[in-house]
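Undergrad: The signal peptide annotation in TrEMBL covers 1-25. Residues or ranges marked as ATP binding site by TrEMBL: Gly113, Trp114, Thr115, Gly116, Thr117, Gly118, Lys119, Asn120. If you look up TrEMBL, you'll see 283-340 marked as domain 'Torsin-1A C-terminal'.
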Amino acid sequence: MKLRRGALRAALGLALLPLLRPAGAVEPISLGLAIAGAAASALTGFISYPRLYCYFRECCLQRHDRRAAVALQENLDRKLFGQHLVNKVVVKAVKGFLNNTNAKKPLALSLHGWTGTGKNFVSKIVAESIYKRGLQSKYVHQFVATLHFPHAHSINLYKDQLQSWIRGNVSICPRSLFIFDEMDKMHAGLIDSIKPFLDYYELLDGVSYRQAIFIFLSNAGAEKITEVALDFWRNGRTREDIQLTDIQNALSVSIFNNKNSGFWHSTLIDRNLIDYFVPFLPLEYKHVKMCVRVEIESRGYAVDEDILTRIADEMTYFPREERIYSDKGCKTVDAKLDYYYDF
């Protein structure tokens, strides 16, 4: 028997009423009986309709798979600028994975590009599309290389801790999301400790990792991405002409051979356990202006076109001669707005 949300709230409100009253309050017998009946109905609802519990408390896989995919697409369309490849690849990869009831391995995405191009922003949107609390969800776990793994001499300890953390959290929630930031600053070899969790195993010590999602963020490979983008621009082709096949193979090789990357000679790459290397193209002047406009509007202020243009003009661009791409992407937009607007 389905309960309407309004009636269900009322029943629960009555059921919880005694808990909200001061100690010593006395209820008439008739109201007490009504409360007892409402409590029984509410309890029946909890038992017969498990999702009810998730309405009040965060649950593993809080949103239905299809709803999560729709939310991801809508948010990327509205909030991400100049990244047609990212939009296409991330949506298809995440949507396909969430709707696959028989995945053979966890989903592993590696996001690469210059600072300010949107890597952290996209990982945040992915988290928010799956869990209402986004990055604050207890099922979303972030690791920052320079914060969580700072000392090279402790790498063996870090490996043990990382394995324990992943094993414990996937045991609690199969659809756990793990985000590794600053992969270009991670000690080489450390990330290989999670290789078993990304591989094609049905179970490891009784635990399945096939519903988990791993996202890696790195500046490594940004030079190769820019090289491809510049070649297209100099040949009179638009950035939208760039396809994933034009970059992905060269990008993965570049990262694998980069001694300053946590993926240096990594078994995750060697064993093809990274599903997609996602390139974030450097942002152009027009994209910076889009970022400024959205940030102003998000603060509830009317857009001053003169200030918007001034902020975009003040950003530094490269290469020095052509001045096509912002060297900080949209990263410093927020700080510049604080200077121009009296918020």
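Residue numbering: from 1, along the chain as shown.
Just so it is clear, glycine is given a Cβ too, placed from its N, Cα and C backbone atoms.
Just so it is clear, the model here is predicted, and its values are computed rather than measured.
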Undergrad: Using DSSP, how many residues of the domain 'Torsin-1A C-terminal' (283-340) fall into helix, strand and coil, respectively?
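TA: Helix, strand and coil residues of the domain 'Torsin-1A C-terminal' (283-340) number 32 helix, 5 strand, 21 coil.
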Undergrad: Go through Gly116, Gly118, the listed binding-site residues, and name the one with the sparsest Cβ surroundings, counting other Cβ atoms within 10 Å.
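TA: Counting other Cβ atoms within 10 Å of each of the binding-site residues Gly116, Gly118 gives the minimum at Gly116.
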Undergrad: Identify, among the binding-site residues Thr117, Asn120, the residue whose Cβ has the fewest other Cβ atoms within 10 Å in this structure.
TA: Asn120
Undergrad: Please list residues from the chain of Lys119 (ATP binding site) whose Cβ is under 8 angstroms from its Cβ, counting only those at least six apart in sequence.
TA: Leu111, His112, Gly113, Leu217, Ser218, Phe280
Undergrad: Average the pLDDT scores across the domain 'Torsin-1A C-terminal' (283-340) and report the rounded value.
TA: 91
